[in-house]
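Report on the structure given below.
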Amino acid sequence: MRCAEVDLTAVRHNVRYLQGRLADGIRLIAVVKADGYGHGAEEVARAALEAGAWGLAVSTLEEAAAFRGTIEPDRLLALGGLAPNEAVEAASAGCAVTCHSHELADALESARGPGDRLPVHLKVDTGMGRLGCSLSEAGGLARRLSRSSRLRLAGIYTHLASAEADEAFTRDQFDRFSRLLDGLDVDPGLRHAANSAAALRYPEMGLDAVRCGIALYGCEWPGLRAALSLRATIIQVKELSAGHSVGYGRTWVAERPTRVATVAIGYEDGVLRSRSGRGEVVVRGRRAPLIGRVSMDQITVDVTEVPEAKAGDTVTLVGKGISAEQVAEWSGTISYEVLTALGGRVRRVYRE
């Protein structure tokens, strides 16, 4: 059994907590890309909207398709970049799309045809160095989109590169974006810059809306509630003598007689291989160390100090007593990867 239990009550709490930190009138866009950061996009989206989120954001048009017809196009934003040859699909996707160049604007106009204008959000690069038009071309592109007969400038946004760590650079990015907004001679629509880290640390950067992803799922901030627990089942417990090795590469060798539990979960299911021999899991309410390499389908745990552990017992890998942030530290990564890595064999169970 490999199971991720998702607490939708926690998602609702997190939405309300975030809203409580924002000034009145600032809208919360719940980011549910990457299958809701591994939690299940459709269920998380429902809970977030019920709790008062104004809209949703995804990455791709394929992700947006899951919500087509269930939410107004203006309240569903595809954040990911588009190549010009994707314009035909984008023009009928039933969501607002991100535009970042004149070339893409050309393609979207050609694909849309007459009738209702396609809502677009202009993305501006203020320091991320990734997707977005430059500050110097943003004003002209905003004017072009606002005057188009086939496209409608529904919003303008930027992405903050290091809001969780670098205050000076974050404020510099926001100042650049603010100066751009002040100089626009057209209605930019919905203005947004703050991600989870900025919404929590710098609520004054809220503008018209904030885009919250990781905070929605209860990570990275006190006061939020973790929504996901990852569990798996012990399938065998055996006694190994001193000198016996465990796992591929024989990276762990018993220094004393050891009880070893084999657990039915592996890197295909989202237990990162970089976690091999690092960190702990919870067995019968007690922590037990992970030993040996993480395999595709199994992990091994030293349960010598949990003598009652047996086949059929449930092991907690993320959840009560072990946070996604802690697992990320053991794995040499970030909580985002820990959550989104969960594989298709992991059954999601939802608790209201």
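If you go along the chain as it appears here, the first residue is 1 and each next one adds 1.
Backbone N, Cα and C atoms are what each Cβ position is placed from, and that goes for glycine too.
Those TrEMBL annotations? Automatic predictions, nothing curated.
Taking the Cβ of Lys33 (N6-(pyridoxal phosphate)lysine) as centre and 10 Å as the limit, one finds 19 other Cβ atoms among all the protein chains shown. Taken from TrEMBL, the feature N6-(pyridoxal phosphate)lysine covers Lys33.
Look at TrEMBL and you will find Lys33 (among others) tagged as active site, proton acceptor.
The DSSP secondary structure for Met296 (substrate binding site) is coil. Taken from TrEMBL, the feature substrate binding site covers Arg130, Met296.
Summarising the annotation, TrEMBL assigns domain 'Alanine racemase C-terminal' to 227-351.
Sequence-distant contacts (6 or more apart, same chain, Cβ under 8 Å) of Tyr248 (active site, proton acceptor) comprise Gly292, Arg293, Ser295. According to TrEMBL, the active site, proton acceptor annotation covers Tyr248 (among others).
The two recorded residues, Lys33 (N6-(pyridoxal phosphate)lysine) and Met296 (substrate binding site), have Cα atoms 25 Å apart. Shown for the domain 'Alanine racemase C-terminal' (227-351): DSSP residue counts in helix, strand and coil, namely 23 helix, 49 strand, 53 coil.
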